[in-house]
Each structure stands twice: as structure tokens, then as C-alpha cells.
Amino acid sequence: MNVKSIALSAVIATSFLAAGAMASEKTEPRNEVYKDKFSKQYDSWHATDESKEVVDMLEKVPSLVVLWAGYGFAKDYNAPRGHMYAVTDVTNTLRTGAPKNAEDGPMPMACWSCKSPDVPRVIEEQGEDGYFSGKWAKGGPEIVNVLGCADCHEKGSSKLRMSRPFAERAMTTLNTPFDKASRKDKQSMVCAQCHVEYYFEKTAERPGFVKFPWDMGTTVEQMEVYYDSMEFSDWTHAVSKTPMLKAQHPGYETWKLGVHGQNNVSCVDCHMPKVTNDKGRKFTDHKVGNPFDRFEETCATCHSQSKEFMVKQVEESKQKAQDLKARVETQLVKAHFEAKAAWDAGATEVEMKPILMDIRHSQWRWDYATASHGASSHAPAEVLRILGTSLDKAADARVKLAQLLGAKGVKQPIAYPDTSTKAKAQAALGMNMKTMNAEKAEFKKTLVPKWKEEAKKREATYK
């Protein structure tokens with residue numbers, strides 16, 4: 001190449017950089033780019049920031065600390081907020097630790113997977129192998145835009161898409177591939193990219209990859225068999241030594257089991273209805289929320305009953321589930337501590353195995369029924385059924401434990417520690433919350449600002 005050619009190449013390269021790089025061929029993660037073209041949708045989506053309140057669920061239900069002993073949720077668990085807080089909340093939670101650099105911290109990259117349209121952007125740029133490799137902190141400078149347009153829509157379009165390849169594979173597993181689905185089905189499938197049960201693989205070929213456990217089906221029993229068949233556990237319980245499963249948020253699976261799912265009423269129909277603006281134009285309201293807040297556009301399009309009647313029905317279903325949920329939690333807390341007493345008394349692994357399996361199955365079913373949040377509305381009968389089987393499993397475990405403790409000469413009832421508050425429960429487990437909170441504060445003060453600065457510089461190169 002001669003001098004003139006080299007000079008010309010340099011000019012072309014410089015011009016390209018000056019013009020800016022594309023965010024991604026398929027994904028524009030910056031939600032504000034769509035503000036003008038889709039103004040009504042953008043403004044309503046932005047209104048999800050109104051759910052500002054942080055509700056500490058461990059304060060409200062201290063038994064959760066014991067149920068998740070040894071797992072990150074025992075440190076910190078708040079009620080979910082609007083989509084606008086997805087990145088903020090995963091950054092602030094104690095569950096993601098206080099990493100000091102990109103290679104540090106307790107959690108994998110997969111923890112970002114449902115938080116941002118930057119996730120599909122990075123997957124497109126690096127492949128799934130590149131995206132899923134490494135620690136959660138590696139993604140800090142990359143995953144900065146909150147859940148929004150590109151998570152559910154094709155670039156520059158209102159057309160729906162599956163932006164996560166692991167979710168697309170899961171739909172194919174159910175013989176319902178996204179590209180063959182109706183628009184009505186797609187309106188729920190895009191939500192099912194995140195509002196589902198999933199786990200992080202532990203295989204050598206796909207370490208830390210997100211997978212939906214749907215190979216045998218989507219019911220609580222089918223997924224239980226799936227997990228048991230490969231002896232998978234999310235963690236070992238710090239008190240009972242049970243190989244535990246942590247349900248995420250199986251909203252899609254429980255919706256499918258209820259009257260709405262079985263009649264093809266989509267997530268969008270109830271949570272993102274068509275509304276009319278002040279100019280008389282209809283659009284899809286992207287302020288994802290409670291259907292009762294927009295009753296005339298949601299429930300009233302199918303139901304003839306009054307809002308008051310419908311609210312009462314839902315509240316009664318919710319209360320029944322809450323009452324049964326609390327009973328299960330009481331039994332499981334005691335089962336975990338009784339299992340510890342059995343171990344301390346010299347119980348063997350052979351003696352404990354069936355007991356731990358009962359505890360595992362009971363808590364998995366309890367978590368499946370409650371972690372999906374809206375399941376008592378989506379599938380109230382199924383939730384009560386599942387919680388009933390959970391209570392049975394917890395009772396089975398405690399009966400076996402009573403027999404084993406008696407055989408070991410342990411006086412019953414055993415002495416249970418005071419777990420009546422979040423602080424007392426965490427103290428009973430030996431958790432140093434003062435240190436954890438101080439480390440988290442330092443992380444937010446030192447590393448997070450660097451992430452934001454790196455992201456700002458990167459996005460400044462985009463067109």
C-alpha cells in the first residue's frame with residue numbers, strides 16, 4: 001500500500017469514528033432515542049418511576065431470613081418496583097455484594113440478564129459465551145440502560161421480538177416458537193423473557209448460563225422432577241444442610257394455569273391496556289401496573305361486575321393464599337432448626353436424606369407459589385393447591401424429624417432461636433450486617449461512579 005492509500009485509509013477511519021459507532025445492529029439500548037417517535041408510549045413507560053417506595057420484605061416477614069439462610073436473599077430482599085428501577089435495585093441490593101473490581105464479588109454476570117436492553121446488545125456483540133463469562137461486576141460499565149423499548153421491540157419499530165436467546169430457546173422447548181406465535185401470544189411471551197422461573201447452569205459447557213427448567217413442563221411438579229433428576233441445587237441451607245431450590249418469579253407459568261391464561265387473555269390486556277389520550281388517540285399504556293388502576297380499559301372490557309366486586313374477589317383470594325403461606329413458613333422454619341438438632345445429635349446422611357428431600361420439596365413449592373407475586377390473582381386455585389402440598393411436605397419432614405430426634409434422645413420440643421424480627425433472625429444466623437452494609441456503601445461510593453463514567457464515554461461514540 002502506498003503513502004497516499006495509507007493516508008486515505010486514515011481519513012476514512014477518522015471520519016467513521018467522528019460520525020460515531022452504532023450501538024448495535026439489532027439493538028438500540030438507549031430508551032430516550034425513541035422519545036420523539038413513540039412519545040405516548042415513552043412517557044407512560046417513564047411513569048413506572050412512580051413506584052419509588054422501597055419495601056423491605058425481610059422486615060415484614062422475618063421468617064424469610066431463616067428460609068433463605070446461607071443464600072443472598074437472607075441478606076436483603078425488597079418488594080419489586082417498576083421497570084425504571086431494575087438497574088438501580090440490582091446494583092444496590094446486598095445480594096450482589098460489594099465487588100472491588102470486575103473480577104470480584106459473589107454473583108455471576110447472569111444476574112444482569114433481566115435488567116436492561118444492554119443485555120441483548122452485549123450478547124449480540126460478544127455472543128452468549130462472552131456475555132455470561134465472569135462476575136456480575138464485569139457488566140457494571142455495560143449494563144446501564146433500564147428495562148425498556150429494545151427489550152421487547154425490534155429496533156426502531158413497534159414490532160415485538162424476543163431479545164434474549166435463552167428465552168427464545170425455552171419457547172421452542174415448549175413447542176411454541178416465538179416466530180410462529182400469534183401477536184396475542186407474543187404479547188405474553190415478551191414478558192416471559194423475565195417473568196419466569198430460571199436457573200444458572202453449572203455445566204462445564206455452559207457455566208453460569210441462564211436456562212428455563214421447562215424440559216419436562218412448566219408445572220411446579222414437573223420442574224421439581226427436572227431439578228431432582230440432575231440433582232441440581234441453588235445452595236445448601238446454612239441451618240438444615242438441605243440442598244435447596246430458589247424459585248425466581250414464575251409469573252408466566254402460573255398465568256398459563258389460570259382462567260386468563262387458559263382463555264388467551266395476555267399480560268398486555270391486563271397490565272398494559274389500550275388507553276385514549278387527550279387528543280382521542282389510542283395507544284398501549286406502557287406504565288405496567290395493577291389492572292384495577294385502569295379498570296375500564298382492563299377488567300371492564302370482559303367483565304360486567306363492578307370494580308368493587310372484582311377487587312373484593314381478588315383480595316379474598318390473596319388473603320387465603322397469604323394465610324396458607326404463613327402457615328407453611330412457620331412449619332418450614334421449625335423444620336430447618338429441627339434438622340440442625342438432628343445433625344447435632346449425630347444423625348447420618350442416610351437418616352437425613354428423606355427428611356431433607358421433604359424440606360426441599362416443601363420450600364420449592366412454597367417459593368414457586370409466592371415468588372410469582374401475582375399468582376393468587378392469575379391462578380388462585382392452583383396457588384392454594386400448591387401451598388397445600390407444600391404444607392403436607394413440611395409436615396412429613398417434621399414427623400420424620402420428631403421420630404429421629406426421639407431415637408437420638410433429644411428432648412422435644414427443641415429450643416428455637418428468636419427470629420421474630422429481621423435483625424434477630426440475621427443475628428441468630430451469625431450474619432454481620434453492619435460489615436455487609438458498610439462494604440456495600442463503599443462499593444457504591446467508589447466503583448459505581450466509575451461504571452457510570454465508562455458507560456458515558458462509550459455511549460458518547462454512538463450515533
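Each Cβ is built from the backbone N, Cα and C atoms, and glycine gets one as well.
Under the heading signal peptide, Swiss-Prot lists 1-23, citing sequence analysis as support.
According to Swiss-Prot, the feature heme c 3 binding site maps to His83, Cys191, Cys194, His195. Cβ contacts within 10 Å of Cys194 (heme c 3 binding site), excluding its own Cβ and spanning all protein chains shown: 20. Taken residue by residue with DSSP, Cys194 (heme c 3 binding site) is part of neither helix nor strand, so it is coil.
According to Swiss-Prot, the feature heme binding site maps to Cys111, Cys114, Lys115, an assignment based on sequence analysis. With a cut-off of 8 Å between CB atoms and residues at least 6 apart in sequence, the same chain places Val90, Thr96, Trp136 near Cys111 (heme binding site), listed in sequence order.
Close to His153 (heme c 2 binding site) in the fold, though at least 6 residues off in sequence, lie Lys159, Leu160, Arg161, each with a CB less than 8 Å from its CB. When secondary structure is read from DSSP and collapsed to three states, His153 (heme c 2 binding site) falls in the strand class. Look at Swiss-Prot and you will find Cys149, Cys152, His153, His286 tagged as heme c 2 binding site.
The Ca(2+) binding site annotation in Swiss-Prot covers Glu197, Tyr198, Lys246, Gln248 and rests on sequence analysis. Over all protein chains present, the Cβ of Glu197 (Ca(2+) binding site) has 24 other Cβ atoms lying within 10 Å.
The substrate binding site feature in Swiss-Prot is assigned to Tyr198, His249. Counting every protein chain shown, 22 other Cβ atoms lie within 10 Å of the Cβ of Tyr198 (Ca(2+) binding site).
Within 10 Å of the C-beta of His260 (heme c 5 binding site) there are 19 other C-beta atoms, taking all protein chains into account. Annotation comment: Swiss-Prot describes His260, Cys299, Cys302, His303 as heme c 5 binding site.
For Cys267, Cys270, His271, His378, the entry in Swiss-Prot reads heme c 4 binding site. The Cβ of Cys267 (heme c 4 binding site) has 22 other Cβ atoms within 10 Å, all protein chains considered.
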Candidate nearest Cys194 (heme c 3 binding site) in space, where candidates are the binding-site residues Cys114, Cys299, Cys302, His303 and distance is Cα-Cα: Cys114
Cβ-Cβ neighbours of His83 (heme c 3 binding site) (radius 10 Å): 23
Output field, heme c 5 shell: CB within 8 Å of site CB centroid, site His260, Cys299, Cys302, His303 dropped: Val265, Cys270, Pro291, Thr298, Ala300, Thr301, Met310
Site with most surrounding Cβ atoms, counting all protein chains shown within 10 Å, from the binding-site residues Cys114, Cys149, Cys152, Cys270: Cys149
Nearest recorded site to Tyr198 (Ca(2+) binding site) by CA-CA distance, among binding-site residues His83, Cys191, His286, His378: Cys191
